[in-house]
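*Asks:* Below are the features I grabbed from TrEMBL:
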type    : residues                               : note
BINDING : Lys112, Gln174, Gly206, Asp237, Lys380 : UTP binding site
BINDING : His207                                 : substrate binding site
Amino acid sequence: NSYFKEDLSKAMSQEGASQFQEVIRQELELSVKKELEKILTTAPAQEFEFWQEKGPSVDWGKIQRPPEDSIQPYEKIKARGLPDNIPSVLNKLVVVKLNGGLGTSMGCKGPKSLIGVRNENTFLDLTVQQIEHLNKTYNTDVPLVLMNSFNTDEDTKKILQKYNRRVKIYTFNQSRYPRINKESLLPVAKDVSYSGENTEAWYPPGHGDIYASFYNSGLLDTFIGESKEYIFVSNIDNLGATVDLYILNHLMNSPNGKCCEFVMEVTNKTRADVKGGTLTQYEGKLRLVEIAQVPKAHVDEFKSVSKFKIFNTNNLWISLAAVKRLQEQNAIDMEIIVNPKTLDGGLNVIQLETAVGAAIKSFENSLGINVPRSRFLPVKTTSDLLLVMSNLYSLNAGSLTMSEKREFPTVPLVKLGSSFTKVQDYLRRFESIPDMLELDHLTISGDVTFGKNVSLKGTVIIIANHGDRIDIPPGAVLENKIVSGNLRILDH
């Protein structure tokens with residue numbers, strides 16, 4: 001099944017809209033409804049349905065800092081120790097990875113999870129290795145579930161055939177929504193097919209769709225029937241999102257005896273994270289606020305590291321029984337994010353999306369846990385990829401940990417220019433990944449290549465002007481250096 005939450009009325013209307021605007025809005029809603037019904041007539045029976053509902057909006061004036069006790073420091077959770085019986089606690093867990101994204105932003109075709117990140121291992125390889133290690137160590141049966149999108153499902157399923165391991169792997173598909181023409185505010189799609197010209201007419205509607213799609217896949221009931229109690233949900237490209245036994249113990253043995261239905265891992269903001277969604281108090285409940293929901297006048301306030309000190313890592317621990325209850329009551333309430341896009345042909349469209357963490361306010365006894373930065377290691381760009389491929393991290397059973405040889409636990413700030421955007425180009429420019437153990441800051445712009453065994457320390461800035469090229473020679477040590485101009489190393 002596929003579901004579409006139509007929220008154009010909210011996206012368009014302002015409070016106190018005039019009567020004229022109201023008439024226009026009603027006419028538009030009617031047009032949208034007719035268009036959706038037309039598309040529906042092209043679908044096989046029972047295969048498609050559209051949902052129409054209005055989502056809540058955010059009143060900036062009501063946003064407050066969350067109360068102290070609603071976000072617990074990880075140290076306090078860890079101090080409670082490990083569970084008495086680790087296998088029995090682990091056997092109540094299901095690991096879910098969000099696997100709907102493509103690798104297009106990094107110049108790769110197909111699912112992002114199939115990009116090689118370390119020693120030829122892909123994101124998916126590392127995930128499987130982590131859970132395999134967990135199951136072997138504790139003799140448990142923690143399953144892995146992948147939420148695919150129509151963009152990633154086929155390729156992912158082909159790759160899954162290669163894993164003949166001690167991990168049960170399940171998949172389900174998130175929904176498919178029609179993109180909306182920004183001018184006419186009508187669906188771009190004319191029928192439900194998504195081949196040929198119609199491919200660009202559809203999109204996966206954000207990871208907030210997990211609740212409905214997981215429920216409808218039948219997997220939710222399957223796992224409840226197997227006495228599973230919690231899902232640990234995270235982005236597949238966050239290499240820091242590993243199963244944490246201390247958090248799991250806190251969930252299974254709540255100190256106040258009340259079942260905690262939802263835990264959101266947050267971590268302290270740095271200047272690199274100012275756009276990250278933040279946890280706030282809103283009408284007496286914890287609420288996730290994303291930058292897309294913030295009125296323009298308040299964006300700087302939202303980005304402030306002093307007012308909103310933490311952000312959502314999207315590592316979430318959620319009660320299966322609570323998801324079932326809320327889904328059956330149609331009580332999962334998520335703000336709808338209006339995401340404008342321009343398609344390849346130049347058509348401006350809008351996508352209506354939801355975020356998985358936005359449902360936190362619908363759950364009972366929700367909690368934020370302020371975790372170490374090491375639990376947030378996303379790879380969104382080749383700059384991130386350089387960090388995780390370097391000697392800053394060591395790899396053990398699918399998990400990356402910061403090298404003990406690094407004297408301070410912070411991650412260097414790395415900014416690679418547009419010549420490095422695509423993975424293929426990036427790999428071609430490094431004969432081997434430089435030694436970065438003592439690096440603080442690296443900026444590279446222009447046509448730059450690196451020989452083998454280069455060492456980068458302190459702050460290093462390398463700028464090749466347009467038409468120039470800089471070849472960093474093999475074995476070079478750059479410490480607190482700015483390199484600019486033209487440096488060519490030619491074979492003779």
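Glycine is no exception: its Cβ is also placed from the backbone N, Cα and C atoms.
Note that the coordinates shown come from a computational prediction; the quantities given were computed from them, not determined experimentally.
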*Asks:* Among the binding-site residues Lys112, His207, Lys380, which residue has the fewest other Cβ atoms within 10 Å of its own Cβ?
*Replies:* Lys380
*Asks:* What's the number of neighbouring CB atoms sitting within 10 A of the CB on Asp237 (UTP binding site)?
*Replies:* 22
*Asks:* Taking the Cβ of Gln174 (UTP binding site) as the centre, how many other Cβ atoms fall within a 10 Å radius?
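*Replies:* Taking all protein chains shown, Gln174 (UTP binding site) has 28 Cβ neighbours within 10 Å.
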*Asks:* Around Gly206 (UTP binding site), which residues of its chain at least 6 apart sit with Cβ under 8 Å of its Cβ?
*Replies:* Ile337, Glu353, Thr354, Ala355, Val356
*Asks:* Cα-Cα separation of Gln174 (UTP binding site) and the residue listed as 'substrate binding site', in Å?
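*Replies:* Each residue's Cα considered, Gln174 (UTP binding site) and the residue listed as 'substrate binding site' end up 8 Å apart.
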*Asks:* Return the maximum Cα to Cα distance in Å (whole number) over the record's UTP-binding residues: Lys112, Gln174, Gly206, Asp237, Lys380.
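*Replies:* In whole numbers, the farthest two Cα atoms are 21 Å apart.
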*Asks:* What is the interatomic distance between the Cα atoms of the residue listed as 'substrate binding site' and Lys380 (UTP binding site), given in whole Å?
*Replies:* 16
